[in-house]
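Q: Pulled the feature table from Swiss-Prot, pasting it below:
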type: TRANSMEM; residues: 4-24; note: transmembrane segment
type: TRANSMEM; residues: 28-48; note: transmembrane segment
type: TRANSMEM; residues: 60-80; note: transmembrane segment
Amino acid sequence: MIPLTHGLILAAILFVLGLTGLVIRRNLLFMLISLEIMINAAALAFVVAGSYWGQADGQIMYILAISLAAAEASIGLALLLQLHRRRQNLNIDSVSELRG
């Protein structure tokens with residue numbers, strides 16, 4: 001079993017990497033992937049904390065986070081597919097130019 005601090009540090013590093021990718025990248029697909037990394041980092045923190053205290057609540061929260069991430073990814077990919085069909089571009093700047 002890894003110590004609590006090591007697991008939380010790993011989760012924080014993953015969260016910061018996802019946040020950095022979300023802020024820096026202009027492609028919507030990479031932004032969606034960065035958001036998934038952030039969700040998984042938060043879920044990892046739940047699992048590590050639950051394992052440290054010997055509770056199954058962390059694993060239950062992980063299952064909830066994974067199901068929410070799957071729903072978010074499916075809706076996000078459907079929107080990205082429609083945007084790519086209409087604009088032939090996944091740049092975030094093209095979304096801000098939408099009319100109507």
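For all residues, glycine too, the Cβ spot is worked out from N, Cα and C.
Describe the structural surroundings of these features, if you would.
A: Residues 2, 4, 7-8, 10-15, 17-22, 57-59, 61-62, 65-66, 68-69, 72-73, 76-77, 80, 83, 90-92, 95 of the same chain sit 6 or more residues outside the transmembrane segment (28-48) yet have a Cβ under 8 Å from a Cβ within it.
Away from its own ends, the transmembrane segment (60-80) comes close to residues 28-29, 32, 35-36, 39-40, 42-44, 46-47, 50, 90 of its chain (Cβ-Cβ under 8 Å, at least six residues beyond either end).
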